[in-house]
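K.L.:
This is the structure I want to talk about, given as structure tokens.
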Protein chains: 2
Amino acid sequence: MEAISIGLLGLGTVGTGVVKIIEDHQDKLMHQIGCPIKINKVLVKDLTKERAVKIAPEMLTTNAKDVIDNPEIDVIIEVMGGVDETRNYLLQALKNKKHVVTANKDLMALYGSELLSVAIENSCDLFYEASVAGGIPILRSLVDGLSSDHITKMMGIVNGTTNFILTKMTKQGSAYEEVLKEAQRLGYAETDPTSDVEGLDAARKMVILATLGFSMKIDLDDVRVQGITNISEEDLQYAKQLGYTMKLIGMAQIEDDKVEVSVQPTLLGETHPLAAVNNEYNAVYVYGEAVGETMFYGPGAGSLPTATSIVSDLVVVLKNLVLGVNGKSIISPQFEKRMKEPNEIRSKYFLRLHVIDEVGVFANITSIFTNHGVSFEKILQLPVKEKGLSELVVVTHSTSLKDYEEILVELEDLSSVHHIKSSYRVEGNGHS
Amino acid sequence: MEAISIGLLGLGTVGTGVVKIIEDHQDKLMHQIGCPIKINKVLVKDLTKERAVKIAPEMLTTNAKDVIDNPEIDVIIEVMGGVDETRNYLLQALKNKKHVVTANKDLMALYGSELLSVAIENSCDLFYEASVAGGIPILRSLVDGLSSDHITKMMGIVNGTTNFILTKMTKQGSAYEEVLKEAQRLGYAETDPTSDVEGLDAARKMVILATLGFSMKIDLDDVRVQGITNISEEDLQYAKQLGYTMKLIGMAQIEDDKVEVSVQPTLLGETHPLAAVNNEYNAVYVYGEAVGETMFYGPGAGSLPTATSIVSDLVVVLKNLVLGVNGKSIISPQFEKRMKEPNEIRSKYFLRLHVIDEVGVFANITSIFTNHGVSFEKILQLPVKEKGLSELVVVTHSTSLKDYEEILVELEDLSSVHHIKSSYRVEGNGHS
């Protein structure tokens with residue numbers, strides 16, 4: 001076979017990394033595939049911009065048709081981002097029988113099932129390893145490495161920005177706003193950090209993971225999402241004192257064929273494998289019925305790590321191309337989606353309250369929990385912070401989300417509860 | 001396609017797990033492959049033995065030919081262990097055009113390249129994911145997930161027995177012999193633990209990892225091996241005091257196209273991802289030029305975890321069978337082997353000495369290091385343990401193995417050095 005011809009949509013940070021890896025590792029790639037890889041056309045916004053890689057000017061175009069309708073091109077690599085326009089480009093590319101590799105989590109979380117169907121119809125490959133946890137080959141591990149197992153739980157630190165912020169807040173004892181600024185200065189957070197810090201970015205990745213891991217079409221609306229913007233230094237101190245580490249955890253669980261998916265700040269027991277994942281690193285913890293606990297750790301973003309996943313996907317496409325078996329590896333969801341109801345979602349919770357410091361308050365509060373059948377694993381009653389108030393921190397035993405939410409409403413209504421300061425999910429055990 | 005027919009060589013702990021997973025997860029497997037999987041014949045030593053799985057008596061045989069020469073069987077799963085006899089069986093099976101999945105690290109470390117060649121000649125698949133780190137899909141991650149990258153370093157905790165022993169020794173402050181007995185009682189160590197505690201088991205796994213990761217045929221003789229039997233409680237206390245964790249680390253590195261492979265007790269900086277891998281768990285840390293740091297964590301042994309890897313390999317074989325592309329995924333080594341010489345192997349070292357407590361001793365010792373151009377990162381001179389002796393602990397800056405070994409010989413010869421108590425490789429940084 002002569003050279004295989006690649007079209008690139010986008011030449012930003014990740015696109016540049018793709019060009020660099022294809023150039024630098026050409027020998028290794030050729031050894032695996034049996035023929036050279038050639039980049040043919042690249043869609044860019046600005047033809048005159050300075051680029052970090054050398055690329056012949058005639059290879060650049062501002063017209064997407066030069067890439068997606070180009071008869072010479074075998075495979076499209078999409079690293080332009082965005083949803084609506086990009087979706088149209090990729091649908092067209094697939095209809096033109098071009099295989100697609102994408103790093104676009106937003107697109108895959110929203111339109112993944114549509115794009116995969118069109119890929120199957122056109123006997124095309126469509127791979128998207130880089131869309132979740134950058135350089136970590138987690139999707140391939142779910143689909144191939146653990147293909148024989150029944151996966152029952154996935155927990156991911158799948159957003160590097162928030163993990164960086166929480167790590168720094170924990171280690172430095174600094175406030176959220178201050179660490180956010182540091183993260184922005186270092187390039188770990190965007191100028192508008194909303195999508196990261198409110199948990200939306202992580203939610204999109206959990207949609208992709210849950211869909212693959214449970215073989216069930218999960219939608220973005222199915223994910224309960226809570227961000228990290230309200231986490232205080234006090235919360236982190238209590239977490240530490242109780243033997244927990246605070247992480248933004250994407251959680252996907254299946255029990256009795258029913259699923260729950262959430263992204264929430266979570267107090268993890270300090271011995272949990274995810275508790276040691278710090279700074280901008282990502283990791284996905286996978287529990288399989290037969291294999292037990294596994295974890296996949298690595299860089300969640302960055303030009304070259306993300307490009308590694310993209311080009312590794314490309315290698316699979318090209319091996320398939322050489323063997324003539326493209327479009328055969330996409331497996332449609334095996335099951336109809338069934339989501340857990342709030343009365344079926346169970347967890348332990350950390351709750352921090354400011355209460356009026358008067359006789360009978362504690363009894364009133366505990367009776368609310370007792371009425372819902374919820375008991376405490378830990379209780380800390382602490383020195384008065386403000387005049388007339390005292391701070392109450394509890395960790396509950398496992399309770400249903402329905403009961404817990406009702407408890408929160410009833411506590412809000414209680415005149416002796418001054419303020420519910422914070423509430424987080426708890427996973428695993430802290431100090432005894 | 002009708003049912004695909006499997007032959008099993010062996011029905012011990014792992015073989016039983018394979019039968020169980022194929023039965024329990026039949027629906028998921030069928031969804032992926034498109035046809036049922038049927039176990040046809042099983043080679044056992046004893047036809048009458050009680051089994052943990054239900055299996056029809058007529059499926060059992062004590063004659064290997066009933067499996068390897070059986071025209072009905074498409075794929076052989078080898079879980080009987082052993083080397084010479086097993087090698088002959090698998091060579092015969094491959095010549096009979098049967099695909100092979102094996103969990104046999106001893107066999108693959110010694111005869112992997114021969115078996116893989118014969119597999120290619122006969123257009124057969126030969127997969128062996130379960131041979132390294134049980135349930136962790138590490139081989140597939142190296143070959144597929146990181147296929148586009150240039151891997152420069154692999155560090156593995158690839159032996160669960162020794163990791164269990166070192167974890168307990170560290171946490172309980174107990175002696176090696178005592179913890180070994182506990183491990184044997186709990187089933188984490190064999191009655192004869194030699195192969196585990198002397199590092200041979202880990203060395204075999206590092207041969208397989210290095211061969212795949214560096215695309216170079218590495219032999220068992222290329223691995224420098226040191227076991228854990230001489231590690232003392234004092235060593236672990238010093239490690240902790242200096243900010244390190246002691247692990248038995250399989251190390252494979254490539255620099256300027258030259259390789260070193262070793263298995264050695266190593267002091268890891270406490271923030272290294274492998275430092276938190278405890279008890280019987282395994283993990284493989286992989287450094288790629290582009291991706292940076294990744295780590296794959298999970299159970300290294302056990303019936304069901306190991307069987308998960310085997311049946312996941314089987315799924316790949318069967319997908320290939322359905323597509324008619326077996327035997328195409330084995331990639332022969334790309335490079336000739338080139339090993340580093342001792343003057344090219346560089347590391348930091350921890351060294352603990354008992355020295356005669358007299359004037360000028362320290363100067364004599366340091367001059368030996370200085371003559372070899374080696375300086376110290378840390379020095380601890382400690383209270384006299386025995387009358388007239390004092391304990392000296394140093395961590396060197398990076399030095400060549402050649403220099404370090406010469407230093408050890410010269411220290412032995414020094415009359416003021418009473419005894420070299422211990423010496424370990426150091427990786428990463430401890431407390432500053």
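Using N, Cα and C of the backbone, Cβ positions are placed for all residues, glycine too.
Copying in the features that TrEMBL gives for the protein in this structure:
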ACT_SITE  B:LYS205  active site, proton donor
BINDING   B:LEU9, B:GLY10, B:LEU11, B:GLY12, B:THR13, B:VAL14, B:GLY15, B:THR16  NADP(+) binding site
BINDING   B:LYS105  NADPH binding site
BINDING   B:GLU190  L-homoserine binding site
DOMAIN    B:350-425  domain 'ACT'
K.L.:
Quick one: which residues besides B:LEU9, B:GLY10, B:LEU11, B:GLY12, B:THR13, B:VAL14, B:GLY15, B:THR16 have a Cβ within 8 Å of the NADP(+) site's Cβ centroid, in sequence order?
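P.N.:
The surrounding set, listed in chain order, is B:LEU8, B:GLY17, B:VAL18, B:VAL79, B:MET80.
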K.L.:
Including all protein chains displayed, how many Cβ atoms other than that of B:LEU11 (NADP(+) binding site) lie within 10 Å of its Cβ?
P.N.:
24
K.L.:
In the structure shown, which of the binding-site residues B:GLY10, B:GLY12, B:GLY15 has the fewest Cβ neighbours within 10 Å?
P.N.:
B:GLY12
K.L.:
Averaged over the domain 'ACT' (B:350-425), what pLDDT does the prediction give?
P.N.:
93
K.L.:
Which ones are near B:LYS105 (NADPH binding site): of the recorded positions B:LEU11, B:GLY15, B:LYS205, which have a Cα within 10 Å?
P.N.:
B:LYS205
K.L.:
So if I measure Cβ to Cβ from B:THR16 (NADP(+) binding site) and keep only same-chain residues at least 6 apart in sequence, which ones fall under 8 Å?
P.N.:
B:ARG51, B:ALA52, B:VAL53, B:SER303
K.L.:
Mind tallying the domain 'ACT' (B:350-425) by DSSP state, helix then strand then coil?
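P.N.:
Output for the domain 'ACT' (B:350-425) reads 24 helix, 33 strand, 19 coil.
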K.L.:
Report, in whole Å, the straight Cα-to-Cα distance of B:VAL14 (NADP(+) binding site) from B:LYS205 (active site, proton donor).
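P.N.:
With distance taken Cα to Cα, B:VAL14 (NADP(+) binding site) is 18 Å from B:LYS205 (active site, proton donor).
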K.L.:
List the Cα distance (Å, whole number) between B:GLY12 (NADP(+) binding site) and B:GLU190 (L-homoserine binding site).
P.N.:
15
K.L.:
With Cβ-Cβ distance below 8 Å and at least 6 positions apart along the chain, what are the contacts of B:THR13 (NADP(+) binding site)? List them in sequence order.
P.N.:
B:GLY302, B:SER303
K.L.:
Might you list, by sequence position, any residue in that chain lying six or more from B:GLU190 (L-homoserine binding site) with a Cβ less than 8 Å away from its Cβ?
P.N.:
B:THR161, B:GLN184, B:ASP196
K.L.:
For the binding-site residues B:LEU9, B:VAL14, work out the Cβ neighbour count at 10 Å and name the residue with the minimum.
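P.N.:
Among the binding-site residues B:LEU9, B:VAL14, the lowest count of other Cβ atoms within 10 Å belongs to B:VAL14.
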K.L.:
When DSSP states are folded down to helix, strand and coil, where does B:THR16 (NADP(+) binding site) land?
P.N.:
helix
K.L.:
Take the Cβ of the residue listed as 'active site, proton donor' and count every other Cβ within 10 Å, whichever protein chain it belongs to.
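P.N.:
So the number of other Cβ atoms within 10 Å of the residue listed as 'active site, proton donor' is 25.
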